[in-house]
Amino acid sequence: MALVSAVPLDSRLCLCRTLFGLTHELKAIRRTIPNLGMCRGGKSIAPSMSMSSTTFVSSEDGVPRRIGGHHSNLWDDDSIDSLSTSYEAPSYRERADRLIGEVKDMFHLISVEDGVSTSPLNDLHHRLWMVDSVERLGIDRHFKNETNAGLDHVYSYWTEKGIGRGRESGATDLNSTALGLRTLRLHGYMVSSHVLDHFKNEKGQFTCSAIQTEGEIRDVLNLFRASLIAFPGEKIMDAAEIFSTMYLKDALQKIPPSGLSQEIEYLLEFGWHTNLPRMETRMYIDVFGEDTTFETPYLIRERLLELAKLEFNIFHSLVKRELQSLSRWWKDYGFPEITFSRHRHVEYYTLAACIANDPKHSAFRLGFAKICHMVTILDDIYDTFGTMEELELLTAAFKRWDPSSIECLPDYMKGVYMAVYDNINETAREAQKIQGWDIVSYARKSWEALFDAHMQEAKWISSGYLPTFEEYLENGKVSFGSRLTTLEPMLTLGFPLPPRILQEIDFPSNFNELICAILRLRGDTQCYKADRARGEEASSVSCYMKDHPGITEEDAVNQINALVNNLTKELNSELLRPDSGVPISYKKFYFDIWRVFHYGYKYRDGFSVASIEIKNLVTITVVETVPL
């Protein structure tokens, strides 16, 4: 939401000029953007954690403005230039490719009836373990065919009671059934959660032995992982989550520090919805191979682990080049001079890398980082820095879709406008190579919707109007900006998105509505106090309290969190239902972007205070390599 200011602007007609000279003009603009002193000499100052009050400043143009007190950019050029490129030598890629071939051979040996590496007493669990391992180690993109073949085999033996460890093992097995339920669901197989009923006692409760063995703990750990892939109305999954959570927390008090305890702590902390793939890979590399309850040949574990480490480290050389490119873009459009705003382009790139580490997805990673950064800058302009008159000019200028429209704008807005304009055209050129159609008008409409939603919030502040919860949420689903940060980068991926599929996954489809609603609600529960301190009264919390007189703030937050949990189960169902007509792989990128933002709001507004959890995420996933 925006600062409401009645500062008059010169309203005379803006004379639109040609594109000639705009490049020179942008350089001049960077020298005249209001400087509020958040950075000194191009260096970051110590981050400020205070988000509790509004700061009023008088900028160089003499207009009193608000700033949010956000800490400055944490990652300067020196940080980026210091990143390792020691694994870009061709020999590492050649070694990784040889290992990929060896692992494919291992998949083949498992698929052979009565093969030397498996038996009919454990072949189902072995297949599931292989699929689960390559996914958690971040190398699954190399083994799509092997994964599909393995899961087809497991599914052919699936029963209403689940499965045993092998096709001839006789009795069903909790570990194999829970891992199978989770893995098969995530790959679009129709499997019922009622298989878990067969692991409850006559009282309808999950049971455990008096002595917690490592094998039983791992059984329950996979039960916990499965319980998170829940659909609406699945009470058995709720019961499984409650039981397994209590069991694992109790186990942590009894077992010594180990790879198993580290894995339990990690999964209890991040579950599925805030568990980013590359972040999990970094954890799993450290603990992989310590499971002594399942007899897998040492050679298989050794090869999988070596390949995972190589792929993790090889990616770092690409990261450095992409971050250097991103930093040049950030400086070329004069963003460092916009000192009143948050600068989180490196953090956004990291989040993209955590869900898309395939080298060929460079356009996705950079596109996501750029769009998120621009949406953040615009959010800070509309929320605090801009006057109402300036915001109206910016919104109107964008809808004219003419670079000469920047003549009408205050200097600090001109570079932002050109960054958005150029980025849409650049993305459109990349997308057209893949999609075969011009996405400019499609992208413009989504940007226009964002500008309109921000303006609506600004008008609410201007008039002192507090909307109803429903009214606020309908607008907030758009103003959050998640559609934009998803749509354009998605269109640069290497698969076509025809209109039929876009209608199923883009806003306002039910799938995308759920994503937008959850993120708006989750973001509000973490941001509403800081927003209110900056003069932004309307949030899902305050609007819910308006609709329910007498309810406390704490109860309102709890009700919204409960709503988020219910909507999340609906989202699970929308993502994984086999009858949707849209491949899960298409929806998975949308869903993973949702997980990225969900992670960012897990503890606080991690995009405003990025110096804690997300800073650590940058360090462990894109800065540091793993020892071979």
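A Cβ is built for glycine as well, from the same backbone N, Cα and C atoms used for every other residue.
Around D379 (Mg(2+) 1 binding site), a 10 Å sphere centred on its CB holds 21 further CB atoms from the protein chains shown. Under the heading Mg(2+) 1 binding site, Swiss-Prot lists D379, D383.
According to Swiss-Prot, the Mg(2+) 2 binding site annotation covers D379, D383, on the basis of similarity to another entry. The secondary structure of D383 (Mg(2+) 1 binding site), as reduced to three states from DSSP, is helical.
Outside the motif 'DDXXD motif' (379-383), and at least 6 residues removed from its termini, the chain residues within Cβ reach (under 8 Å) are 1-3, 68, 70, 340-342, 391, 394, 413, 416, 454-455, 457-458, 481, 531, 534, 536. Annotated motif 'DDXXD motif' per Swiss-Prot: 379-383, in sequence order.
All protein chains considered, the CB of D531 (Mg(2+) 3 binding site) has 24 other CB atoms within 10 Å. Here Swiss-Prot flags D531 as Mg(2+) 3 binding site.
Other C-beta atoms found within 10 angstroms of the C-beta of D383 (Mg(2+) 1 binding site) number 23, with every protein chain shown included. For the pair formed by D379 (Mg(2+) 1 binding site) and D531 (Mg(2+) 3 binding site), distance between Cα atoms is given as 12 Å, rounded to the nearest Å. Distance from the CA of D383 (Mg(2+) 1 binding site) to the CA of D531 (Mg(2+) 3 binding site) is 9 Å.
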